[in-house]
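Report on the structure given below.
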């Protein structure tokens, strides 16, 4: 983890291999470089830190490490960012959320896009909002709709203003215990007007992955794989997973849908005094899956990002084998879940002695 904003190791061999992003708009194009096949101009990878890696888009050889601060000096002091950025496939705008540790944690919601002057000019980087909080939190992902960025501020808080990472040398031992009295929040940032317009809150939970989000009239629908708390991170120590006789089965996530209602109303109220953060209002849980329908490592048809959708895919632990990790793939019908059908909403695929990895959705050409 890049605790002070720079790459943890110099050179090109650092593991920054969580999420690949093609055609990253944060690079100025070389006017003399030949066009790549299939419009593949560049390729980067990201991890949970203020560090990115550029790869050769053809050979996948590492080229260099860099930070968001190399794109804009205003981000040099930022410490970490989610491994999962959000990209609007129609506008090719790239979004992330950078956290700066300190007595007051600062979350910068950032948009990067190609310069309006063309790809050979320096890219445009905008800080859409700076959100202050007493809680510096490990966030692996966040959410995006066509109108809003949603910072999903669950509970997984660093101790000591974030400096605990330096003391312990790892993230897991640096986290505070969950506080049942502290609400989790959803910070809603308007993409067009570059402003934090609404805040919603709910009971404590933890998550790694947002599934998808979209605008539903004046509301936001947001789906995620939610846990009761962040102790699940400790459950995935290798020594525990390898112990099939006395190992502890990891805590499992459910697919949960939240509704953030009346965003424009909240935006109007917060606009009356721009210097005061929006007053939190309740977020609604629309539905969530029940055991044995635990759900992680979500995937959907990429053409439905930021849009209404029906199906999502993930991995599941059946509890029917000795394995402490996932042993089957599942497909969820969200329309059925929304109607209260918990019996026929899930379909499974399982192979004996096999462990699935994260599903990858490959659309049928022309579908």
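Keep in mind that glycine also has a Cβ here, set from the backbone N, Cα and C atoms.
Here TrEMBL has 84, 140 binding Fe cation, and the candidate from 209, 230, 304 in that same listed site is 209. Sequence-distant neighbours of residue 140 (Fe cation binding site) (same chain, 6+ apart, CB under 8 A from its CB) are 48, 82, 83, 84, 207, 208, 209. Using a 10 Å radius centred on the Cβ of residue 84 (Fe cation binding site) and all shown protein chains, the other Cβ atoms total 20. Compute the center of the Cβ atoms of 84, 140, 209, which mark the site for Fe cation; besides them, the chain residues with Cβ within 8 Å of that center are 82, 83, 139, 141, 207, 208, 210. In the three-state DSSP reading, residue 140 (Fe cation binding site) counts as coil. Around residue 209 (Fe cation binding site), taking its Cβ as the centre, 21 other Cβ atoms fall within 10 Å, counting all chains.
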